[in-house]
C-alpha cells in the first residue's frame with residue numbers, strides 16, 4: 001500500500017530527505033517491529049534509517065524512477081535510482097562513525113553538550129526570575145482568598161506538566177534546535193514556509209531579555225538605596241543603563257565561551273533552589289513562633305477573578321519549553337545512547353522542582369504577610385520591603401538575591417533564544433543571513449540580533465511595574481497561541497508516524513481517547529486564558545487588549561514578508577531589484593553542491609531540521625552593500641570581540 005513518509009524523517013546523517021520529493025514510496029518489504037524513538041539505528045546497505053523516530057526499512061523503492069537525486073549525494077545527478085543508493089550509507093558512516101549512525105558519544109566534531117542538569121537548569125532559570133516574588137500578591141488580589149490562590153498555584157504546576165509532555169512528544173521526534181520553529185514547519189506544511197515565517201517573525205521581534213534585565217537593574221538600585229520604598233522613584237535612565245550593561249555582559253559571556261555560559265546557568269539554578277528553600281524555611285519558622293497571617297484575607301470569591309489569577313500563574317510557569325529550543329545539543333544518555341532520556345529526565349526535573357518551589361514559597365509568603373501587605377500599592381516590592389525585614393531582619397540581602405535570580409533568567413534565555421535565532425538565520429529567512437548565523441559552535445550573529453532587540457525594548461518600553469508586566473506579557477500571549485497550534489499538531493504527528501510504520505505510537509499519548517482529551521482540555525484552557533488575558537483588569541494600567549493587537553500586527557507583518565518572498569521567487573526582476581530569490585530543498589534536482597554541503601553541515605550539527613535554504617543572490621549595488629557589510633562584520637568580530 002503506497003504512502004508518503006513524513007517529511008524530515010530522513011536518512012540518518014546523510015542529509016537525504018524526502019520532504020520535497022514528489023514521489024510516493026512503497027511500503028517496506030520487511031515490516032519493522034517498532035519506532036525506535038529519537039535514535040538513528042545502524043543501517044545496513046539497502047535499508048533506511050530515519051532520524052527522530054528511527055525505523056529501519058529494507059529496500060525502499062520509488063514509484064517514480066525518473067526522480068533524480070542531488071549530485072552532492074550520489075556523484076551523478078543524471079543517474080536513475082529505484083532504491084536508496086548504498087553510497088549514502090558509506091558517506092554517513094564515514095562522517096558519523098561506523099559503529100552506529102546515531103551513537104552520539106562516538107560522533108566526531110561538534111557534539112551535544114547538555115546533560116540532565118543542564119536541561120533542568122535551562123528550564124528552572126527561565127521559569128524562576130523575579131515573578132515568584134511579585135506574582136503571589138497579584139494572584140491574591142484576583143482571588144481574594146489565600147486558600148484558593150494556593151489551589152491555583154498547584155493546578156498551574158500540573159497544567160505545566162501537561163504542557164511539557166506535549167512538547168516532549170515533539171522533542172523526541174524532532175531532536176533539533178528550534179522548538180516550535182521545527183514543530184510548526186513539520187505540522188503545517190502548506191503553504192510552504194508560512195508557518196515558519198510567522199513564528200520566526202514573532203520570535204525575532206518579541207523574544208528578548210528586556211523584562212528580567214529591567215528587574216535586575218531595579219533590585220540592584222533598591223539594594224544600593226535601602227530606604228527607598230517606591231520603585232517609581234528610581235531614575236529611569238540609570239535603570240535602563242544597568243539593564244543594557246547586564247544584557248551586554250551576558251551576551252559577551254556566551255559569545256566568548258559556551259562552557260562558561262552553561263556553567264553560570266547551572267550555578268545560578270542551584271542558587272535559586274537554595275534561595276527559595278531558604279525563604280520557605282525561614283518563613284515557616286517565623287510563622288511558627290509568631291502569629292501566622294494565613295487567615296488575614298478579605299473579599300468574596302468571584303469566578304472571573306479566579307480565572308484572572310490563573311492567567312498570572314500560567315505566566316509564572318512559562319519556560320517549560322526552554323530545553324526544546326536546544327534539543328539538538330542534548331547529550332546522549334549513558335545507557336540508551338540517545339538524548340531522549342536526557343531530555344525527559346532533565347525537563348521533568350526542572351518543571352517539578354519549579355512547581356514544588358513555587359507552592360512552598362507562596363505558602364511562606366501567605367503565612368508571614370497579610371492581605372494588605374501583599375496587595376497594596378507597592379505589591380511588586382512586598383517581599384523585599386515587608387517579608388525580608390520580618391523574617392531576616394533586613395531587606396538589602398534579599399534584594400541582591402532577587403537581582404541574581406533575574407540574572408539567571410537572562411543567562412538561560414539568551415543562550416536558548418540565540419540558538420533559535422541561529423536556526424532561523426541558517427535557513428536564509430533573514431536578510432544578510434550569512435552574517436547572522438555565525439558559526440556552528442557559537443551563534444555570534446544571533447547573539448548580536450538578540451542583543452539589539454533587547455536594547456530596543458529596554459530603551460523604548462516603560463520600566464514601571466505595569467509597563468514591565470505588559471511588555472513581557474506580549475511574548476507570552478503569542479507563545480500560548482503557538483502552543484495551542486502545537487497541541488493540535490499531535491493528531492498530525494500521530495498520523496505521520498503511522499504512515500512510516502503501522503506499529504508507531506506516540507510516546508505519552510498512545511491511547512487515542514487520552515490524546516483527544518488532553519489536547520482538547522489543553523487547547524480549551526489556553527484559549528480561555530487568551531480571552532481573559534486580553535481584558536483590562538485595573539483602571540489606569542495599560543489595556544491588556546493591546547496584547548492580542550500587537551500579536552496580530554506581528555503575525556500580519558510576518559505574513560507580508562512571506563508574501564513578498566513568494567513574489568520574489570516567482571515574479572522577481574533581479575535586474576530591477578538586485579535580488580534573485582530561490583527556495584532550495586534537499587531532494588531537488590540540480591541543487592548546487594555548495595548549498596547542499598551547507599544543508600548537510602547544519603543538519604549533522606542538529607542546528608537546522610528543515611534541510612531547506614532560501615538562497616538570495618544579489619547583483620549591482622545590493623551586492624556591493626552585502627559584501628561591505630560582510631567585511632565590516634568580520635573586522636568588528638576580529639578586533640572588537
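Each residue, glycine too, has its Cβ placed from N, Cα and C.
Keep in mind it's a predicted model, so treat the numbers as computed, not measured.
Looking at the stretches 545-563, 564-582, 583-601, 602-620, the one that TrEMBL records under the feature transmembrane segment is 545-563. Beyond the transmembrane segment (391-415), the same-chain residues lying 6 or more positions past its ends with a Cβ under 8 Å from any Cβ of the stretch are 121-122, 125-126, 128-130, 133, 207, 209, 212-213, 215-216, 219-220, 222-223, 226, 246-247, 250-251, 253-254, 261-262, 264-265, 268-269, 271-272, 275, 279, 282-283, 286, 322, 326, 368, 383-385, 447, 450.
Below 8 angstroms of C-beta separation, residues 163, 166-167, 169-170, 173, 180, 183-184, 186-188, 199, 202, 206-208, 210-211, 214-215, 314-315, 318, 321, 457, 461-462, 506, 509, 515, 519, 522-523, 526-527, 529-530, 533-534, 541-542, 544, 546-548, 550-551, 554-555 of the same chain, each at least six residues beyond the ends of the transmembrane segment (468-493), sit close to that stretch. The transmembrane segment (188-206) and the transmembrane segment (514-533) are not in contact, since fewer than 3 Cβ pairs between them lie under 8 Å (pairs 6 or more apart in sequence). Using a cut-off of 8 Å between Cβ atoms, the transmembrane segment (150-168) and the transmembrane segment (445-462) share fewer than three residue pairs, counting only pairs 6 or more apart in sequence. With a cut-off of 8 Å between Cβ atoms, the residues of this chain six or more beyond the transmembrane segment (514-533) that come close are 159, 162-163, 165-166, 304, 307-308, 310-311, 314, 473, 477, 480-481, 483-484, 487-488, 490-491, 494, 506, 544, 547-548.
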